[in-house]
Amino acid sequence: MGARAVKAGYKGGRCKTAKGRPMDKQIYILNGPNLNLLGRRQPEIYGGETLEDVLARAGGVAKALGLTVRGLQSNHEGELIGWIHEARDKAAGIVINPGAFTHTSVAILDALNAFDGPVIEVHISNIHKREAFRHHSYVSLRADGVIAGCGTEGYDLALRRLATLLA
């Protein structure tokens with residue numbers, strides 16, 4: 001309920017490597033609260049692209065890098081945690097824009113700590129130039145990289161970094 005699943009480029013297959021990660025290098029792109037409103041909510045901060053636009057472009061970038069993506073969005077913390085748990089068996093890496101859960105969710109941090117692959121945290125706006133409460137990120141304590149303030153291009157940059165880490 002309230003969840004949105006968007007697949008961009010994933011064609012299936014779950015053969016595992018010796019490390020237990022999927023051989024097809026599937027990446028989960030997880031998006032938290034209010035990102036379903038991307039393109040309509042505060043476009044002066046977040047831009048005019050919709051989440052579907054962002055995920056479609058990410059699918060193209062991923063394909064060029066030899067990756068596949070599964071894009072998911074939820075306004076519910078527990079659903080995001082469930083997808084992180086699912087990623088343990090189905091994904092080689094995670095790109096996560098936790099939205100407001102960035103600053104509040106120890107539970108998402110704990111779930112990410114149970115994931116063995118690389119994690120890149122993405123924020124469309126520069127959270128360090130915004131309100132003071134946005135400067136802290138629990139997710140950053142686990143992330144292998146953090147991209148903030150690059151607009152929606154941050155998702156593409158995150159995929160490029162994951163491709164390097166997974167090579």
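Note: Cβ is positioned from N, Cα and C throughout, glycine not excepted.
Straight from TrEMBL, the features:
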SITE      R41  site 'Transition state stabilizer'
ACT_SITE  Y46  active site, proton acceptor
BINDING   N97, H103, D110, I124, S125, R134  substrate binding site
ACT_SITE  H123  active site, proton donor
Task = Report, as a single number, how many Cβ atoms besides its own are within 10 Å of the Cβ of the residue listed as 'active site, proton donor'.
result = 22
Ask   = Long-range same-chain neighbours of D110 (substrate binding site), Cβ under 8 Å, sequence gap at least 6?
value = none
Message = With Cβ-Cβ distance below 8 Å and at least 6 positions apart along the chain, what are the contacts of N97 (substrate binding site)? List them in sequence order.
response = L30, N31, G32, L35, E121, V122, H123, I124, Y155
Note = S125 (substrate binding site) sits from R41 (site 'Transition state stabilizer') (Cα to Cα, rounded, in Å) at a distance of 13
Euclidean distance between Cα atoms of S125 (substrate binding site) and the residue listed as 'active site, proton acceptor', Å = 6
